[in-house]
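Shown next, in structure tokens, is the structure this report addresses.
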Amino acid sequence: MAALQEKKSCSQRMEEFQRYCWNPDTGQMLGRTLSRWVWISLYYVAFYVVMTGIFALCIYTLMCTLDPYTPDYQDQLKSPGVTLRPDVYGEKGLDISYNVSDNRTWVDLVNILHNFLEGYSPTSQEDNINCTSEKYFFQDVFGAPNHTKFSCKFMADMLQNCSGLTDPNFGFAEGKPCFIIKMNRIVNFLPSNSTAPRADCTFLDQHKDDRPLQVEYYPPNGTFSLRYFPYYGKKAQPHYSNPLVAAKLLNVPRNTEVLIVCKILADYVTFDNPHDPYEGKVEFKLTIQQ
């Protein structure tokens, strides 16, 4: 019992560890001979090569089932969201306020519109084609260069008085500002049966004079031409430009905060989703001081 309970000295422990690392009597290193180390190394190399090959084959098979022209992630909303320019946000959504007599309060708003419309200049649109039809522009084949599909031009001058060309101040200087409305893209979305969708802007709250909002729309009637639909995705239409509608507000009361809503009226566009205030419409506060 005394022999069993005898503790090994530090030198004995070190000697045993050295013999475990290399045993000259048996030729073992770390408990295995050289041939066994070679065999176990070959086993693990072969195992991981096979596992890597199986994983690569699974990824390749998965990628073959994916359509490169269909976005990986798509929203579940059936109707497109609607955005507004200029887009200045307050604590609770879009909140735009400026003073007609102080250009420092609206020069940034004008610059936002100019910068946004740079994407609709002749240079930016030179890769797109001129379209004249007012019907849907269906494309069953990739007829454009580099295995893509054609996109119709949308030029800034189509917004006429709200293009920034005839009036660089977009009406802000006279208290009749222009706002640009854009629908977000949804792949293969058709907004209506045969009638082009259009924008409709109204006061959302009541005023003491109870006058309806007077609006000039560009293009006329505030329509989004059907020739810009359907959208086939970024890879299929790399040069696609969203159609726009500009709304020039003519009778906004001064020194009063008003709430305005711009809805998209179309057969398959809804704007009554309580969970998404920007589906099918955009609301914003506007204060014009004088």
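Using N, Cα and C of the backbone, Cβ positions are placed for all residues, glycine too.
Features reported for this protein in Swiss-Prot:
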- C131-C152: disulfide bond (DISULFID)
- C162-C178: disulfide bond (DISULFID)
- C201-C262: disulfide bond (DISULFID)
- N99: N-linked glycosylation site (CARBOHYD)
- N103: N-linked glycosylation site (CARBOHYD)
- N130: N-linked glycosylation site (CARBOHYD)
- N146: N-linked glycosylation site (CARBOHYD)
- N161: N-linked glycosylation site (CARBOHYD)
- N193: N-linked glycosylation site (CARBOHYD)
- N221: N-linked glycosylation site (CARBOHYD)
- 194-290: region 'immunoglobulin-like' (REGION)
- 1-36: topological domain 'Cytoplasmic' (TOPO_DOM)
- 58-290: topological domain 'Extracellular' (TOPO_DOM)
- 37-57: transmembrane segment (TRANSMEM)
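Break the region 'immunoglobulin-like' (194-290) down by DSSP state and the numbers are 6 helix, 38 strand, 53 coil. Taking the C-alpha positions, the distance from N99 (N-linked glycosylation site) to C162 (disulfide bond) comes to 19 Å. Residues 29 of the same chain lie 6 or more positions beyond the ends of the transmembrane segment (37-57) yet place their CB under 8 Å from a CB of it. Within 10 Å of N130 (N-linked glycosylation site), counting C-alpha to C-alpha distances, fall the following of the recorded positions C152, C162, C201, N221: C152. For the topological domain 'Cytoplasmic' (1-36), the model gives a mean pLDDT of 70.
Ranking the disulfide-bonded residues C131, C162, C178, C201, C262 by how many other Cβ atoms lie within 10 angstroms of each Cβ puts C131 at the bottom.
Taking the C-alpha positions, the distance from C162 (disulfide bond) to N221 (N-linked glycosylation site) comes to 14 Å. On a Cα basis, N221 (N-linked glycosylation site) lies 18 Å away from N193 (N-linked glycosylation site).
Taking every protein chain shown into account, N161, N193 are the glycosylation sites, and of these the Cβ with the most other Cβ atoms within 10 Å belongs to N161. Straight-line distance linking the Cα atoms of N146 (N-linked glycosylation site) and C262 (disulfide bond), rounded to a whole number, equals 38 Å.
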